[in-house]
């Protein structure tokens, strides 16, 4: 030992060696009690895998937050424990199949213990298009199961639903319907079964491999069994401690973690045991102890290697503990468990293993065999020292070529590929993809949350624009929602569709006007004729009023002067009066009869004008229609008939009539007229005169109005014809716009307010809008593989496009969320990238600092850590060649991070053993120290490497792809580190650097 040895560490292990060698049975008894009694006080790890399952992402992950928001807004269960029942009929789904479907839905709804939510298209018709395949041969029945995903409650619920599905299909006749179970719940159930099924076989194979390798190395059954006893006690104790931590602190447990814990304890524990046995044999050979005094050799070996084993365990354990600060729960839960396992393995290596060596050594059961490999390793050391550049170059070429292959790595985030293709969930996924696009079965959910009610036309229009923009992203197949329930915008809500409908209506109006051209011409002609006749009436009434006024004056005077008994003929001066009365009556009787006949057709005109919307909007036409109504009223109430009778009486006046009789007859007629036209004042001569004047004025106004009517009707007809032409042009334009601008990018969006109250809209609301109206979700289906990196990149694009559509809209203050399995994978990738950086930094710092503390040097730890990194990259490159290039399997995303921690930590073990021995042998000269170190550690490191690699290769028997890949990369990495890096590369570098390796400390001895 050199003077600069770790005095404190040696003192600790010296005292520990004294205790172990003095009371070995006590130490063994304590470990036996721990290994047997401790597991009885805590649940098994298998049980805890269901009580405390591993959740990959933290609760504040964006995808987790989005899922929580959706479940709260729509009052749904926030659970990833989803089972998909796929019902298929290769002959096509028929009525008999639908009967089975209804029966199954009813039975599942009655199973309230296992089923939390059931989504069927019977109770939710808007989901029909999502749940039925386009080929008409498959139905999807999504079910949310009771319990959290991965728990025993979830597993029991899965088994219960699977039983109902199987029983329903078997008990229903007349249907060829088949069922497959898939989805996250089915995948986790298969993983659980596979983990439980694989664990026993893996542990058995590891034990057999260890026995075989130990038998080859030691050729002694007792020596071979000692490490296995130590590993067994360590494993039982470590599992119990991890279980206790899980119960007390809620540490999540998975089957993969249990397998890795077993492998790590087996590998590390065996390494520590091999290191200790090897050094024990060295001291036995050097005569430091005999078979009768094995305790001394054990104590010396423990003092010599205790600090190395402690540094190695600290390196691995602290590195694993550093993983607890990662975000991904796979790392943050596996790390502490593996750290506990390493700590227990270390304690067993420095207490139980020495105690067993003391008992076996004193009986001569573990005496060293003749060192047959020593000469080989010495020759290897000599060659390396003589030609360090050549050996270093050759080893680096191999390592660098393999490391370059690591740049080709492509990660797989599809957990479906972890399990065998023959498992239930894998078969179900394959059947699902044959009938449905993968994106339809695994959609994404875009959530819009606003402080305002989104059930308004403007908000719906803004959301339609947002959804339209998202749908135009390359790789997006469909976007379904309240504004586009079929994946395309509703035709009725597009502005161009509505314009087209208006165009059709205008076209109909134009056509109607065109067909009514003859009626319009007759209307114009009739209005002109009416105006002409009313002009004639005005002239005649003017003459009549003048004549009647004079006549009334003369008759009144004659009656006064001659009395009522005189005849008109007896009055000579009245001759002219009689002639005038006859002429006046005849003239007006004939002309008024003609006018009456001409007025008869006005009724038809009025009926036509009353039904005309255009006349309602035209003031001229409306005024003319009112005048026509007055004429019809006068005709219908007898006013015009009484006037005609007046003319007839005047025309039949005889000279033999007495004045009284004549006046009396005229008065009777006028009284009748007065009854109808009391407003004319014909009930007395004075008023009659004024009324006749008023009549004359009224007729004048009527004639003038008639002319205005005729002129107005002519203008109206011309305007109507012009309007018909304009309507035709407008109709053609709008209909052309409705056809040519029907694409979503040109169609616009308009929601009539009355649409919001329709039954169809209310059904859409239930599926896409939250009850309070403040949250709206859209279903997004992608053309990409939802498990691919391209789909994960698309998630960011969707969010960027959606948020980019918010400014200057009613959604400006809304929050946008995206949920779904692809979003979860995106978060997993993002967290993994950050966690991997953390793991690399923490691991490098921990390994470097511990090596510096152990070797009291800066240079040697730097190239030792560099060699570990190269070894890791080479192992990863070899894994890429085997799985990705040869087997066409992408590496699971969790493998590189876990492999880095294990390989760097294990490589540090061998580095510490090698470097510490170099340091110890430096008193013999640097060149000689390299040769002596290679000779003394070559066999030990090789044996330890083979044992650890065998433990890792035992994982290849797993049916879980991730475990297989991890086992291969770890096993191959350890072999590369054992046979190339520790055997050739590091000794060659040490030989080249010589004294500089220990800078700034000074080596002991000469530079021989």
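Cβ atoms here come from the backbone N, Cα and C positions, even for glycine.
Taken from Swiss-Prot, the feature transmembrane segment applies to 23-43 (among others), supported by sequence analysis.
Residues annotated as transmembrane segment in Swiss-Prot, with sequence analysis given as evidence: 202-222 (among others). Remote same-chain partners of the transmembrane segment (202-222), defined as residues 6 or more beyond its termini with a Cβ less than 8 Å from a stretch Cβ, comprise 228, 231, 259, 262-263, 266, 270, 274, 277, 360, 365-366, 369, 939, 943, 946-947, 950-951, 953-955, 957-958.
Swiss-Prot lists 225-245 (among others) with the feature transmembrane segment.
Cβ atoms under 8 Å from those of the transmembrane segment (257-277) belong to residues 45-46, 49, 54, 195, 198-199, 202-203, 206, 210, 214, 217-218, 223, 226-227, 230-231, 234-235, 238-239, 242, 301-302, 305, 308-309, 312-313, 316, 333-334, 337-338, 341-342, 344-346, 348-350, 353-354, 357, 366, 898, 902, 906, 909, 913, 940, 943-944, 947-948, 951-952, 954-955, 958, 963, 966-967, 970, 974 of the same chain, restricted to positions at least 6 beyond its ends. Taken from Swiss-Prot, the feature transmembrane segment covers 257-277 (among others).
The transmembrane segment annotation in Swiss-Prot covers 301-321 (among others).
Sequence annotations record features per position, and here Swiss-Prot assigns transmembrane segment to 340-360 (among others). If one looks beyond the transmembrane segment (340-360) by at least 6 residues along the same chain, the residues whose Cβ comes under 8 Å of a Cβ in the stretch are 13, 16-17, 20-21, 24-25, 27-28, 31, 222-223, 226-227, 229-231, 233-235, 237-238, 241-242, 245, 261, 264-265, 268-269, 272-273, 276-277, 280, 294-295, 298-299, 301-302, 306, 309-310, 313, 316-317, 320, 366.
Taken from Swiss-Prot, the feature transmembrane segment applies to 389-409 (among others), supported by sequence analysis.
If you look up Swiss-Prot, you'll see 835-855 (among others) marked as transmembrane segment, on the strength of sequence analysis. Sequence-remote contacts of a segment are chain residues at least 6 beyond its ends whose Cβ falls under 8 Å from one of its Cβ atoms, and for the transmembrane segment (835-855) they are 6, 307-308, 311, 314-315, 318-319, 322-323, 325-328, 331, 861-862, 864-865, 868-869, 896-897, 900-901, 904-905, 908, 911-912, 915-916, 919, 998.
For the transmembrane segment (862-882), the residues of the chain that approach it from at least six positions outside its boundaries are 396, 398-409, 844, 847-848, 851, 891, 895-896, 899-900, 903-904, 907-908, 911, 915, 965, 968-970, 972-973, 976-977, 980-981, 985-986, 989, 993, 997, judged by C-beta separation under 8 angstroms. Look at Swiss-Prot and you will find 862-882 (among others) tagged as transmembrane segment, backed by sequence analysis.
For 895-915 (among others), the entry in Swiss-Prot reads transmembrane segment, with the evidence type sequence analysis.
Residues or ranges marked as transmembrane segment by Swiss-Prot: 940-960 (among others).
The transmembrane segment annotation in Swiss-Prot covers 961-981 (among others) and is backed by sequence analysis.
The stretches the transmembrane segment (389-409) and the transmembrane segment (225-245) are not in mutual contact, being linked by fewer than three Cβ pairs under 8 Å (pairs 6 or more apart in sequence).
Long-range neighbours of the transmembrane segment (940-960) within the same chain, counting only residues 6 or more positions beyond its ends whose Cβ lies under 8 Å from a Cβ of the stretch, are 191, 194-195, 197-198, 201-203, 205-206, 209-210, 212-214, 217, 227, 256, 259, 263, 266-268, 270-271, 274-275, 278, 418-420, 906, 909-910, 913-914, 966-968, 970-972, 974-975, 977-979, 982-983. A Cβ distance under 8 Å defines the sequence-distant neighbours of the transmembrane segment (225-245), meaning residues of its chain 6+ beyond its ends; these are 31-32, 34-36, 38-39, 41-45, 48, 207, 210-211, 214, 251, 253, 258, 261-262, 265-266, 269-270, 273-274, 277, 336-337, 340-341, 344-345, 348-349, 352-353, 356-357, 360, 366, 947. Sequence-distant neighbours of the transmembrane segment (301-321) (same chain, 6+ residues past either end, Cβ-Cβ under 8 Å): 1, 6, 9-10, 12-14, 16-17, 20, 268, 271-272, 275-276, 279-280, 282-283, 334-336, 338-339, 342-343, 345-346, 349-350, 354, 839, 842-843, 846-847, 850-851, 853-854, 901, 904-906, 908-909, 912-913, 916. Through the fold, the transmembrane segment (895-915) approaches residues 260, 264, 267-268, 271, 275, 305, 308, 311-312, 315-316, 319-320, 323, 331, 334-335, 409, 411, 832, 835-836, 839-840, 843-844, 847, 850-851, 854-855, 860, 864, 867-869, 871-872, 875-876, 879, 933, 937, 940-941, 944-945, 948, 962, 965-966, 969-970, 973-974, 977-978, 981-982, 986-987 of its own chain, all at least 6 residues removed from its boundaries and within a Cβ separation under 8 Å.
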